[in-house]
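Reading through the structure tokens given below for one structure.
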């Protein structure tokens with residue numbers, strides 16, 4: 001079972017109506033059992049409804065359904081976390097909109113709890129889209145999210161995934177000293193992996209982190225990686241940037 005996160009660069013109705021973008025996103029999402037899209041700008045929900053319809057026209061044998069957060073953010077600019085998942089692969093058990101007491105996280109995670117139908121094991125996904133200038137502070141705050149989720153659902157089957165903005169000029173010395181960088185957390189995307197489509201940098205902004213040894217043991221060895229869609233679909237640099245400035249990060253579970 002493959003799980004992925006993808007920062008899709010301000011995905012709204014105009015980009016969904018772009019046939020090149022739409023068809024490429026359908027190809028990408030169709031690779032997975034569960035995909036969470038980040039940076040979705042769709043307050044009405046119409047863009048994601050249209051995408052789901054088009055996605056399932058290409059996935060009739062094992063279709064997807066969708067679960068979305070409310071628009072999240074501090075200002076008029078708000079984004080959604082949107083999960084697409086195949087209901088023959090996982091059941092949606094519960095959702096949890098995390099609320100913090102201190103305003104550290106620009107977009108408080110919309111947490112979902114799935115049950116994997118092939119194993120009967122729970123899988124909790126915490127999506128992340130950190131603000132670049134506060135990446136280190138937000139990384140520290142994720143430990144509080146994990147503890148809240150563990151307390152709510154009495155489970156350690158937790159995966160944190162998305163755009164941590166944890167590299168390049170947004171990375172501080174303190175980021176590497178964060179409690180999130182220590183056990184029981186396992187970082188599955190190495191620090192030298194380029195998760196951006198840009199030719200001008202090789203930053204590792206996007207990450208997958210699992211909580212605890214048991215969850216780490218459920219990961220298929222060496223399956224955590226970037227999906228380089230520009231190479232896979234033979235896209236020019238310009239066409240790749242048209243899809244997103246990030247690549248998806250993915251992992252396979254056994």
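Cβ coordinates are placed from backbone N, Cα and C, and glycine is handled just like the others.
All annotation found in TrEMBL is predicted automatically rather than curated by experts.
Residues or ranges marked as domain 'Endonuclease/exonuclease/phosphatase' by TrEMBL: 14-246.
The feature active site is assigned by TrEMBL to 79 (among others). A 10 Å cutoff on Cβ-Cβ distances gives residue 79 (active site) a total of 22 other Cβ atoms nearby, all chains included.
The active site annotation in TrEMBL covers 129 (among others). The Cβ of residue 129 (active site) lies under 8 Å from the Cβ of 7, 38, 39, 79, 81, 106, 107, 162, 163, each of which sits 6+ residues away along the same chain.
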